[in-house]
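These notes concern the structure reproduced below.
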Amino acid sequence: MAAVIRIRAMAAGTRLRVLNCGLGTTIRSLCSQPVSVNERIENKRHAALLGGGQRRIDAQHKRGKLTARERISLLLDPGSFLESDMFVEHRCADFGMAAEKNKFPGDSVVTGRGRINGRLVYVFSQDFTVFGGSLSGAHAQKICKIMDQAITVGAPVIGLNDSGGARIQEGVESLAGYADIFLRNVTASGVIPQISLIMGPCAGGAVYSPALTDFTFMVKDTSYLFITGPEFVKSVTNEDVTQEQLGGAKTHTTVSGVAHRAFDNDVDALCNLREFLNFLPLSNQDPASIRECHDPSDRLVPELDTVVPLESSKAYNMLDIIHAVIDEREFFEIMPNYAKNIVIGFARMNGRTVGIVGNQPNVASGCLDINSSVKGARFVRFCDAFSIPLITFVDVPGFLPGTAQEYGGIIRHGAKLLYAFAEATVPKITVITRKAYGGAYDVMSSKHLLGDTNYAWPTAEIAVMGAKGAVEIIFKGHEDVEAAQAEYVEKFANPFPAAVRGFVDDIIQPSSTRARICCDLEVLASKKVHRPWRKHANVPL
């Protein structure tokens with residue numbers, strides 16, 4: 001019996017040693033595997049950080065441009081960037097694209113989230129060092145993913161565009177990727193702020209995403225936006241045109257109105273973008289942040305009492321009024337070099353973000369025309385979508401006459417600005433500084449378009465038209481034209497006819513304008529408006 005027990009014990013010991021031997025081999029195998037995976041992870045990360053390689057990075061720098069990652073690093077708060085999809089690679093196997101040398105971790109775009117002055121934003125930065133920043137299916141997928149996340153959590157999306165366009169090797173998949181992005185641009189419109197910063201070429205299908213975003217900024221001399229390049233234009237129309245002439249920053253900020261501002265270089269653009277974001281809310285559900293204000297809300301501005309010339313035909317600069325009224329003269333003007341007869345931009349009043357709209361008497365006497373109407377309308381609609389109060393300074397003699405305007409559709413385009421002000425439900429405060437003539441008076445956030453508070457300065461002239469034109473109609477053939485003009489001015493070219501009818505709420509001293517506006521904004525902060533249900537409005541596009 002004892003012998004049997006010893007034999008069984010020996011057998012059990014043998015089996016145990018065998019099991020231990022097998023387990024040891026397994027453990028050693030498992031221990032060595034993570035080392036291999038970790039090495040691969042680190043290698044992939046290193047490759048992703050290099051983008052298209054040092055040679056292409058150097059070429060990017062020689063052009064005066066930062067790399068995709070350098071741009072993100074400068075834009076966001078230090079250490080706040082959390083990258084997503086670093087290991088994503090393109091899926092194209094045609095034209096030799098499956099070769100290992102044509103695979104780059106992250107493909108041609110860097111995506112993720114971070115913070116600007118402590119506030120959450122999502123960002124994508126196209127990497128020109130990888131296939132010229134061209135858009136592949138994987139590239140589009142990465143952008144769409146962060147856009148979906150931004151909509152879900154309610155945070156702005158910033159696109160740093162530097163791309164040669166669609167990746168030709170991927171064919172229709174690349175085009176599908178563009179459409180996926182366009183759809184999200186439309187879905188996000190009015191929900192979260194969308195900002196495009198063009199920092200290199202942006203051609204073909206790539207241009208439509210920036211066009212769908214709320215604001216488009218460009219970098220001088222290095223960024224271009226066009227549907228087709230100069231070579232194609234030459235082949236079709238026989239026009240000789242350079243990239244800069246066709247789609248450079250100057251063209252789009254002064255002629256086409258496609259871009260809202262242009263900056264000197266990448267660093268200047270990114271620093272200004274950080275400043276700009278401070279004015280905006282994170283989403284349509286989030287009020288714009290209120291900054292601590294050291295500029296007294298009841299501050300009087302004596303120089304405003306003499307800023308408007310006594311002669312109604314003499315020009316002055318509306319920016320002088322705007323700068324004097326807002327907090328600490330800090331005004332971020334939008335489209336300053338396009339349609340200069342109207343001024344738009346963001347400022348603060350007692351720490352609150354406001355949208356400013358003002359006619360500019362220095363340019364075309366402040367008349368409204370096609371371009372200024374479109375410029376103003378889009379800005380007003382953005383402010384309304386994101387609950388930013390509107391302050392309007394009015395000095396408008398009417399709509400610009402002439403065949404060029406009529407043939408160009410001034411009636412339809414002018415209606416856009418009228419529509420935008422009428423549709424807006426945010427607090428609306430209007431100050432008539434001098435002329436408010438004809439239909440343009442109605443359009444510029446008048447009481448009839450449900451302006452909340454409408455003020456007139458003593459210099460205000462609210463009438464159907466100017467005295468000279470009115471007299472030629474009313475007193476046609478009258479012997480004493482000067483006396484007739486004086487009579488018209490006495491009766492109509494002053495603020496009293498509108499004031500006695502309640503079309504302006506008060507005639508105020510210009511020096512008290514800041515104090516009155518700040519007080520009104522405090523009261524109107526709780527404004528609520530309920531409109532009839534509709535699927536969407538039919539804007540006169």
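Including glycine, each Cβ sits where the backbone N, Cα and C put it.
Over in Swiss-Prot, the protein carries these features:
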- 1-28: transit peptide (TRANSIT)
- 34-292: domain 'CoA carboxyltransferase N-terminal' (DOMAIN)
- K101: N6-acetyllysine (MOD_RES)
- K101: N6-succinyllysine (MOD_RES)
- K250: N6-succinyllysine (MOD_RES)
- 296-535: domain 'CoA carboxyltransferase C-terminal' (DOMAIN)
- K476: N6-acetyllysine (MOD_RES)
- K476: N6-succinyllysine (MOD_RES)
- K491: N6-acetyllysine (MOD_RES)
- K491: N6-succinyllysine (MOD_RES)
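Features as recorded by Swiss-Prot, highlighted on the structure.
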residue: K250; record: N6-succinyllysine; Cβ within 10 Å: 15
residue: K476; record: N6-acetyllysine; Cβ within 10 Å: 8
residue: K491; record: N6-acetyllysine; Cβ within 10 Å: 13
Margin query: For the C-alpha pair, I'd like the distance in angstrom between K250 (N6-succinyllysine) and K491 (N6-acetyllysine), rounded off.
Written below: 47
Margin query: Can you tell me whether DSSP puts K476 (N6-acetyllysine) in helix, strand or coil?
Written below: coil
Next item on the list: Give me the Cα-Cα distance between K491 (N6-acetyllysine) and K476 (N6-acetyllysine), rounded to a whole Å.
Entry: 18
Check: What average pLDDT does the predicted model assign to the domain 'CoA carboxyltransferase C-terminal' (296-535)?
Finding: 94
Next item on the list: Please report the DSSP secondary structure of K250 (N6-succinyllysine), reduced to three states.
Entry: helix
